[in-house]
Amino acid sequence: MDGAPPPASPAGLSAYVAVSQLLGLTLLAATGAWLGRYRGGVAWQGQLQFNVHPLCMVLGMVFLQGDALLVYRVFRNEAKRSTKTLHALLHGLALVIALVGIVAVFESHRAKGIADMYSLHSWCGMAAFVLYLVQWLLGCGFFLAPGASFSLRSRYKPQHIFVGIALFALSIATCLLGITEMLLFNIRDSYSQFVPEGILANTVGLLLVAFGLVVGYVLTRDEWKRPPLAEELALSMDFKTLTEGESPGGSQ
């Protein structure tokens, strides 16, 4: 019926999404507190430029990427096109913020005469960013831009979903490597003595893991997947007919 209210979210979904957001915002606050209290703060010029890097990577490659993945679970009753667009925009914003963080670390290293791209953290980080960019471009090409056939989209969709979750996990792992590397560079001699900076940075790492686990749990619950709306099923059949030459009642 046209006047019928939209179906309610599945039991437990809203609670887990709320927990993920609480963890994500706490993660951002803890990262800012670490950089502000123990690393001098954040600035684009001078000695503090490096600190732009961890802040941007946590914000872009973890928090916003995680939220972009949750879009299809949260916006269950909105038009599919609107949900796709929001999904793409959040990923695009995450990429822009991550790029700012990458530029900051390269410029900081250049100013201080530090070598680039030699550590496992830098290798994983660059791989994650490049693959994330490729994933975003392919997603826009297959699912937003006109031209891709129904069968091509259907074949690519499982790979798109898997790579998206894998890149989210890789981004979190890379951040954990970066935290450890940063602590060893700055407080190597006192880290083992449970100094406050080490405890706070370790807490940031635990929050990264917790955020990733909650988001991953929401994404992998089959009963929490976004169900197709009735009009979307009709549009999908029409789209398949136009792109594959198949009649709604026939077979290929």
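Any Cβ shown, glycine's included, is placed from N, Cα and C.
What TrEMBL says about a protein is an automatic prediction, not a curated fact.
Quantities reported herein were computed from a predicted structural model and do not represent experimental measurements.
The transmembrane segment annotation in TrEMBL covers 12-35 (among others).
The average pLDDT the prediction assigns to the domain 'Cytochrome b561' (19-220) is 96. Residues annotated as domain 'Cytochrome b561' in TrEMBL: 19-220.
TrEMBL lists 55-75 (among others) with the feature transmembrane segment.
The transmembrane segment annotation in TrEMBL covers 87-106 (among others). Tertiary proximity for the transmembrane segment (87-106) is limited to same-chain residues at least six positions away from its ends with a CB under 8 Å from its CB atoms, namely 44, 49-50, 52-57, 59-61, 64-65, 67-68, 71-72, 116, 125-126, 129, 132-133, 136, 139-140, 144.
Nonlocal intrachain contacts for the transmembrane segment (126-148), taken as residues 6+ away from its ends with a CB within less than 8 angstroms of a stretch CB, comprise 61, 65, 84-85, 88, 91-92, 94-95, 98-99, 102, 117, 156, 160, 163-164, 167, 170-171, 174. For 126-148 (among others), the entry in TrEMBL reads transmembrane segment.
Per TrEMBL, the feature transmembrane segment maps to 160-179 (among others).
TrEMBL lists 199-219 (among others) with the feature transmembrane segment.
Taking Cβ pairs closer than 8 Å, the transmembrane segment (55-75) reaches residues 13, 17, 20-21, 24, 27-28, 31-32, 35, 42, 82-83, 86-87, 90-91, 93-98, 100-101, 104, 125, 128-129, 132, 164-165, 167-168, 171-172, 174-175, 178, 204, 208, 211-212, 215, 218-219, 224-226 in its own chain, all 6 or more past its ends.
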